[in-house]
Every structure is written in structure tokens, then in C-alpha cells.
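Below is one structure; the comments refer to it alone.
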Amino acid sequence: MKNSEIGIFITFITIFTYSSSYTSTKEKHFTIAAIFENEDMEELEAALRHAVERSNIEPWFRPRTRLLWESASILKGDMCHLIKSGINAVLGPTTRAPSWQAHSTCSALQIPHISLHEDFRRHKNETGVNIYPAPSAIAQTVAALVNNWEWFDEFIILYEDQEGLIRVQELLKLRHKSFQIYRLEPGKDPSPMFKKIMKAGTIRFVIDAEIKTIVFLFDRLQSLGMLTEYHDYIIINYDLHTLDLSKFRQPVINITGFQIIDPTTENYRDILNRWRLRSNDPDILNMDIASPEQSITTRAALVYDAILLYASAVTMYDIKDLNKSPATCEYYGLPNRKNWKFLNGIRKLNVTGLTGPVFFNREGFRSSLNIHVVKNIATGLLRINTWNAESGLFPALDPDELRAILEATIVQRRHLIVTSFLNPPLLMKKETDNGKVEYEGYVMDLVNNIHEIYPQLNFTVRPVLDDKYGDNQTGKWNGMVGELIERKADVAIADLAITRERQDAVDFTIPFMHLGIGILFKKAPSKPPKLFAFLNPFSEDVWIFMATAVLGVSLMLFFLARVSPYEWINPPPYDSDFDELVINRFNLMDSLWFVIASLIKLGREDLPKAISTRTVASAWWFFTLIVVATYTATLAAFITSDRMTQEISTVEQLAGQTKVKYGCVRGGATFNFFYKSKTPVYESMFRLMESADPSIYVNNNADGIQRVQNGDYAFFMENVFIEYQTERNCKLVAIGNPLDNKGYGIAMPKNSPYFPFINHAVLRLQDNTRLTQLKTRWWQEKGLEEPCPADPSIADKDKMNIKDIGGVFLVLGSGTLFACLVGVVEFMWFTHKNVRLNTPSMWRAMFKQLKFAVWGGNAKPIDKSSYSESETGLAMINYSSALFGRDTVIS
């Protein structure tokens, strides 16, 4: 059985147990051969030496027992030559092939053996135990961690050898996870592979490799810009704590690793402190025993625990019962019951060492092992989880405490690049007195408000390099979205609309502004004022009907006043000199004046007395009430409004004509809206925009606004910017309703560590109405010298016609006809009641009165012959008073 072609270093540990009496001294020897490779010799020998020294001073160690050690170097030796020296047990080696040879020999000769390497064969250890954790343990830990991290959904697996593939086998069984596997070929530069991965945009890695390989990989990754706070690395190696990670903490790189060393226990700290005090190694002398980051490797800790295990076994079992190994390998296969008893005792031990509790199952493999998950933070490595076979993966810290620690780590004095877009009022250039170019606008105020909430975050705002918002029509994102993906910027704050395509590429906060697509158009020119603009509220036919109504009602009032006897009264001053006369106050001119005065709200002393005249007057007053109110409201609208008529008022009208061209910013969210839309109107508009020659697309909003001002062009843009432009340019107007509903959000790379903080800041600014105040400041206050007059909300209809107020004329006509009927009845009733018996006929009297009403004057003598003797010249009045309950009689 030849050893592998490497040098090995062997340390002999001899356990002396003695007893003394007055007559003799007896010694018993128990020799352990610790086999190490030359490259691990110094560190493992130091661990072994300290374990020996520690065991000798422990109170639990068997009295009158001492461990002594000596070392020898054997190059290309064989196990049989080693066995000739006489040993009771073997420890090591630490690598796979030599360890398997040692195990095979010890098993054949039934020599107790403690293995220090990772055993993938999982065969039963007949004559030994394996203190190194089984590969299935780390495999299950990694799988549980990745499965617990929902955001760790797409990643790259890098492994160095076939054993590494076994350690990631549990990952391959996870569902709902997407991954690719690459092998790290020895001696081959991985940079081309990393560039390919970087081009694909993958930012999460699971790496299984030796520590020296990991150091090499980190160097290559850092040179390619792949070691940033946006990347995540899970390192499958128990010795991550031995690396100097301080250069990966400004900013903090997301590096997660595993430990079986438990630096939080008092036993660990005590052991480590004693080791530090007795060591000559500067790294060990200067180490902080409270830190998880130590220079002690896991194999050195396992060597230490193995020596404690042997010492504990010697304490519990009498070494006089143990046999040394045979002198040669010729005794292969002979039974050794005493060694079996010692070996079974080792498997039953309960020892707590640097790697935690040490237990073994029936097969000789370690059980009840705790694997700790540690994460790189600003102050070092932080334990965040622990895994064991009984409980699985469980948190090591309270979730709120862990969140607070990670938040403090992420936002620790970080400088972020903000990419934006020059578009007033969001971002504008301004020159200082010394000629330096600075920026101002809504974006700058928003950034300053976020900084007030998280002072540790500092921002530098700059315009996007290619003057584009971001689209992937060529298969690669450009603009602000492209800068985020390529990590040229950390944050994008601009008029960057949240769309489904962009959400697949970057992460957006909650919207800081809500909006929709509107249409910016040039106002139709105002019509010159007209001399008779006051006639505009009514159409021509209404004015004609009103003039006819005035004339008709005047004539009707005049006629009814002439016919009705109740409108004939004594003239003032109502004395006896005038008792022979009665007058009518409503001649033709007075009737016309009464009608016109009522229309224009002027009062008159003489009011109708008769029912007929009062009826026609009441109908006219109702008519004037409606007409005047309607005219006043409509006239107010015409006075406060320019009454312009837009050529286009809806998107359908815009799509249905060819005179006015229309377009938008190419590659923006508005462009994608038309590009993705399935609405027929928008589809046809997009086809027209695409086929237009020359192109009707513009590069930015400023170009689109300029084309609108030139005329015959409608520009699709976000309504918040239309509002800003129409407030400052009175020649522009918004037409139609918004075509959609969306929002502007702050964009960041996928799974950015700063996303929770900036999103929380936007939420706080929204809750305290600060976002509304910022919009008011930049939209309605800053740079607004004299706002344009608001568009009127009245007079949205055309001029009123006869159909709109025809009912008023109907009421007037009905009232007038009713007044005529009442006048006829009054006339006939009065004539009939007051005619004398010797009068030839009533009809002659009626004719006489009617003749006077038509042809007579405004005064007439009282015909006393027409009345009874008992009646005075005012009997008419008395009768009327009696009929309608009047108490007053003019005398």
C-alpha cells in the first residue's frame, strides 16, 4: 500500500499513564500518528500542539496521564513502514486519496482512525469515525437557504471539481428556480465566461471552490466590475471567515458563506484566547477572538477537536486494554476486540470543541451538526441563520433586528448616481455666477427630500448619456433603463413611465406622480370682437320672435285696456270737477312702454287694474323672467369666453382627418403605448405615424412642442407636461381626455439593495403631501410670471335657438289668449248688469262701448242714463269692488 506522491508530515502523540510507589514506577504508552500534508503542516501542527497542551491542563483529563508529541517527516513513505513504529491510533490525513489509503490500512489492521476529510463515499467506518461534516449537510443547507430567499430565483452555479457538484446536488432539485451550471477548469482564465454571464445580466452566483480559487475568482470578478452591491454570492466553503473581506465593504458586497466553527460560545472564546496567548504566529496573536473572522481554518479546528476526542476517550477507558498495531502488515485481518471496545467508546462520546458538539452515528459519521450561515456586512461577518438536521434552517436573529442591521449596512455613507432627463420642470440647467452649470427642478427637490429622510445616501444627478428614456427594440435596452442594467447609474428619476416591459428589466418604486397620455395642440385664433356682440346669446330667429312678442303683447294690452271697463277711471286729482270723466291710462304708447319697461326691469306707477290686463301682464312678466335670466347667463359666458371653435377636440377627430399631422417621442412610453395597443383607432394612428415621410416623430418633448407651435401638428405627451406648457403658453391647449392611466416611478436595477429605502422614502413623501407641494411649486409657482386665463366652463354649447326657449313663448301666447277671453267676458258682463230697461237692446249698448274703445279718446263722459237712479257715476267701481271684495271706492 503505497502512499500518494506527496510529502507527508507525521506527528506522534504519546499518551503516558503511570503510577508510582515506593518500589516501582509503571508506564503505559498510547501513540497516535497524526498525518498531515506539507502544505497544511504548520497550521495543523499548531492546532495539534495547542490541543495537547490544553488537554494536559484540563481538570477532566485523567490523573497521572500526559500527552507528549514529536514529529518526523516522511517523503513518499508507506503506511506499512509507519505501522512498524508501533501506533495505537491514526489521525488524518486531510486530503481524500491519502486519507482513503490510511483508512483502508487501519480498517484492515483494526487500528482506530479519525478522518479529517470530506467523505463522499458514505461507506460505513468499521474501525474509525469521520469528524468532517458529511457533504449532504452543506448541500441541504445551501438548498434551504436558496429556497428561503424567494428573490434568489435566477443564478449561476460554479463548481471546481466533481465533489463540488455533489455539494450542489440539492440545488438542482429546487423547483421554480432558474440556474445554469459552469465548471471552473483548472489553469483556465474564467474571464471570458464571466463576460458572457455579465452580458446575459445574471447577478447571482453559487460558487463551490477552494479558498485559494475563491480569492482568484474574486480578483477576476472585481476587475470586470462584477463585485458590486447589486451582485449576490453564496460561497460553499467553511473557511470564508479566513479571507480578508474588508475591501468588499465599501460598498458592502453581498457575500454569504458557511461556518461550523461557532465563535459565539464561551468555550470557543476561551480556547481561542489560550491558543492566541501560546502562539508565535502574528496573525493569531493579533486576532479578535470575538469576531467571526479568524485566521484559524476549519481543518485546524477539526484537528483540535480530534485530539480532544482521543484525550476524552483515554480518560474514559483504560489504555492498558489497548493493543498497539502489529509490527508489520502481515497481521492483516486478525481480530482486535480491545481496539473495538475503544472505538465504540469514541462513538459514544459527547465532546464540545471549536466546531461545536461532536457526536457520531452508528456509521461513524458526525451528527447533530450546526452549520451557521454568515453574511458580509460593514462590521464583519454576521450570523443570520443556522441549519441542523433536526430543525432545518432557522433564523439566528430576530427579523426586526436583522433588518435594522442590514439597513444600516446598506445605507452607510453611499454615493449614488442618478440618471435623469432634461425636461422642464423636472430637470433644467442653470448657470451660477461663476459660470458653473448646475441643475434644478422637481427631480432635484425630490432627491433632496429623499436625502433628508436617509442622510447616509448621497446623490449626484446627471442627464442620461444618450438622451433616451429606454427601449429594447434592438434587443438591448438603451437610455436610462440601459444605464441601470449596465450599472452605469444607481437610480433613474425622470418622466420615466412605469410600463410592463420596463418592469421586467428594472424595479420601480410606487409612483411619485400619476398621469395619462394627452394631446397638445395649438389654439384656434380668436375671432375679432363684434360691435353687436351682445346679440350673440340668442340667435336671429329668437330676436325676431322676441320683437314680435313685444309688439303683440303691447297691442293686446292696449286693446284689453280699452275694452275692459275696469281700466277706465277718474283722472287725478279725483275731485268733483272731474266727476263727469273717466280715463284709460294704457294708450298705445303707454302699453308699449309698459311691455318694454317690464322686459328691462324698469318699474311703472300705473299698473293694470282689470283681470284681463293683469293676466296678460303676468304672462309677460313670467316670459321676461325666463328670457332675461337665460340671456344674462349666456351673455356672461360669451363675455368671459373667447368662444373659439377648435378644429379638433377628440382623438377620434384627430385620427379621422389628414390635415393635421400627429406624433410623439420615438422610443418613449407613449410610443410603446401605440406600438402595443390593440385598439383599432390607436393601431391605425400608429401605422400612419410609422409610414409618414418625413418622420413625424421627435427626439424629445421640446421638439414636439416646437412643432405644435409651428401649426398643423398635434403632439402626444403626458398630460402633466401639457398642463405645464399650457399654463405658460397661452397659444397651446390640451384637447380630448387622457388615453391611458399610468405613473412615473423611480427606477433601480433589479434587486437593488437601495430599493426598500428609496421606495419607503417616496411613500413617506406621499403620505405627508410633500409630493403634491413639489408639483405645485414647479408647475404653478416657479417660472410662472402671469398665468394664462382659465378656459371657461360655461357656454360650451352653440347659440340658443327657438327650440331652447319655445316654451316661454307658448306660456306668453296662452296667457295672452286667456286675457282676451277674460276681457270679453268683463265687457259683456258689465254692459249687461248696467243697461236700463228702456234701452233698445244690450247689443246696441255693447256696440256703443266697443265703438268708443276703438275710436274714442282716453277720456269719456259718464252716461248717467245708462245706470239706475240710485247709482252714482262710479257705480262701475262699486260693482267691481263688491265683486272682488274691495273696500276702497274712489269718489
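Each residue, glycine too, has its Cβ placed from N, Cα and C.
Please treat TrEMBL annotations as automatic predictions, because they have not gone through curation.
THR670 is the only one of THR460, THR548, THR670 that TrEMBL places in the L-glutamate site (with ARG502, GLU718).
Each of CYS664, CYS730 is a candidate, yet TrEMBL gives the disulfide link of CYS788 to CYS730. Listed in sequence order, ASP495, ALA497, LEU515, GLY516, ILE517, GLY518, THR670 are the same-chain residues six or more apart from GLU718 (L-glutamate binding site) with CB atoms under 8 A from its CB. As a whole number, the greatest separation of Cα atoms within the L-glutamate-binding residue list ARG502, THR670, GLU718 is 17 Å.
Ranking the recorded positions CYS80, ILE648, CYS730, CYS788 by C-beta neighbours within 10 Å puts ILE648 at the top. A contact between the transmembrane segment (807-830) and the transmembrane segment (582-600) is absent, since fewer than 3 of their C-beta pairs, 6 or more residues apart, lie under 8 Å. DSSP assigns THR670 (L-glutamate binding site) to a helical segment in the three-state reduction. Taken residue by residue with DSSP, CYS788 (disulfide bond) is part of neither helix nor strand, so it is coil. Other residues of the same chain near the L-glutamate site, with their Cβ within 8 Å of the Cβ centroid of ARG502, THR670, GLU718, are TYR469, ASP495, LEU496, ALA497, THR499, ILE517, GLY668, ALA669, ASN672, PHE673, LYS742.
Summarising model confidence by region, the domain 'Ionotropic glutamate receptor L-glutamate and glycine-binding' (425-486) averages a pLDDT of 90. The DSSP breakdown of the domain 'Ionotropic glutamate receptor L-glutamate and glycine-binding' (425-486), given as helix, strand and coil counts, is 19 helix, 16 strand, 27 coil.
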